[in-house]
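Trainee: Per TrEMBL, the features are:
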{"type": "SIGNAL", "residues": "1-24", "note": "signal peptide"}
{"type": "DOMAIN", "residues": "27-532", "note": "domain 'Carboxylesterase type B'"}
{"type": "ACT_SITE", "residues": "S217", "note": "active site, acyl-ester intermediate"}
{"type": "ACT_SITE", "residues": "E336", "note": "active site, charge relay system"}
{"type": "ACT_SITE", "residues": "H450", "note": "active site, charge relay system"}
Amino acid sequence: MSAMSPWFLTAVFAAMFGPVAVQAAADVTAPAGRVVGLEQDVDGTTVNMFLGIPFAQPPVGARRFRRAEPLQPWDGVYNATRKPNACIQLATTLGSAVVPDLQINTPLSEDCLYLNVWQPTPLPTAAAVMVWIYGGSFQSGSSALDLYDGRYLAATEGVLVVSVNYRLSTLGFAYSGTDAAPGNMGLTDQVLALQWVQDNIASFGGDPAKVTVFGESAGGMSAGFLLMSPESRGLFNRAIMQSGTAVLNPLVYPRPADGAYDSTKALAGSLGCTTEEGPAAMMNCLREKDAESLVASSPPIYPVIDGTFISDNPEKALIDGEFEHMDILLGTNSDEGMLFFILFGLPGYTVGSETSITRDQFKQNVRAMTIGLNDLAVEAVAFQYTDWRRPDDSDMYRDALDTVLTDWSFVCPAFRTARAHTRVGRTAYMYDFVHRPSNSLAPDWAGTLHTDEIQFVFGRPLNAAMGYTAEEVDLSRRMMRYWANFAKTGNPNNNGEVAWSPYTESSRGVLMLDTDAPRMVTGQKARECALWENYVPTLLNNTAMAEEPEQCVAVAESSSAALWGQSLTVVLLLNFIKDIISFITAAIFVVL
């Protein structure tokens, strides 16, 4: 394809392309073409900001549901002075009272595959590059959010900051098992953006051999999937995963191919599209539907084990070492679960009230969150997370449910990921963010929420107009330095501060991040993760055998087999009682 003309770009990108009438413009000529952005003063340092640079053909019309295609170099000058469109998603104000910074702030459009670059000055040579991937459960989010403004990180640490858009929900993850909708299009959008970085970032002063992907929640999961995918090999060399890994929640992410196809078929059927004439006809019909209506009608659609981008179950890939062996930095926030309980209105988690939950509600919610647990497993979990010094305290159960979700879905998956990387000879640095921001709109009992660390990673407290405390400014500077040092060298440590020791299986060391002096804590969550990773699976396996002895003997219909089954149940129950007594004794020792 020949180079595109200015007229073509004007048609495709509307007002984004054309004459530049901007004072103090920044100008870069890259292999993709010439771009003009804005100069910004950041506490006496100039940062060049290039917003809304296209990295793919617009995924519209016949390209909807397909893998994005690279954009050919353009002629003329591209106006990179406005934030890009957000990818189509369900418009909602959910959470606006607690986390307003996550509300979409630019128009929604299918034409959304753009990225942003923040370039420090003096202009760097071979600077480290940090590529941000936003979160939002693969259903929402945008690189244009003010929360992800890269100016302070670029100015303070001398790194190039890039943030990228990727398709979401049905438009990003519909699956037909064919090229018509191969699944994981949102993830391959990220790969295409990383390829753009490889091809163009040197023109901005970046080193394509020093690219770190970093992201939060679904962005952290994306980094984990990129580590596992053969399609992203050579596109980055380090990864930072904040509150998300490839094994964050195996009940939801990623889905088996048949389940993903069933979800897409269900959507098609609900919109009047035939599902009996094969995937091609089904997807052609869905291409004719209005994009907003499509997403509004869709059930949540997630990444899929497609056999190509995600070739296997991520848990198995971790165990087998089937991932890119590179150094990682990862961690969680102390109260990850609270935000989800608040957003979805779980009884006992109401903003503006001091409500709490009973022990029965606690156990019911444990069962609902961790699908597949039987009564004995729920009792084991309830025992582990009960503070037996105050077993009748309903506030304790409110907090304990948060800890259950935080450990099961965030903390223990992070430890499994760190362990897998160290077992193949790489280094992992782990953190626990425990500071409750002074500007938090959540109730005091909610603690340190999911997403709370992002503002500190991007240096938002350095903006005096935001009203952060001096201690929070120091915390933000420290975190930016840790993240940037890791991107530059693979070692986050700051001179003159406590050493951030790498994770080892024996130490389980974690750096605690708050406004106090940084400190290492060892043995973190060892008992809780042993419960989820060892005890509960063994308990479920043993009790399943007891409930279905016919699977274990060939003479299931005989009276002797029935007697054997009864005996097995008794033996397993006795073993369970012995195990739980041992478990209780050890736990009480910890509590006391």
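For all residues, glycine too, the Cβ spot is worked out from N, Cα and C.
For each listed feature, how buried is it and what is near it?
Mentor: Around S217 (active site, acyl-ester intermediate), taking its Cβ as the centre, 25 other Cβ atoms fall within 10 Å, counting all chains. Under DSSP, S217 (active site, acyl-ester intermediate) is assigned to coil, being neither helix nor strand in the three-state scheme.
Secondary structure from DSSP puts E336 (active site, charge relay system) in a helix. The number of other Cβ atoms within 10 Å of the Cβ belonging to E336 (active site, charge relay system), over all protein chains shown, comes to 27.
Neighbour density for H450 (active site, charge relay system): within 10 A of its CB lie 25 other CB atoms from the protein chains shown.
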Trainee: Using C-alpha atoms only, work out the spacing between H450 (active site, charge relay system) and E336 (active site, charge relay system) and round it to an integer in Å.
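Mentor: Cα to Cα, H450 (active site, charge relay system) and E336 (active site, charge relay system) are separated by 4 Å.
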Trainee: Pop the mean pLDDT for the domain 'Carboxylesterase type B' (27-532) in here, whole number is fine.
Mentor: 96
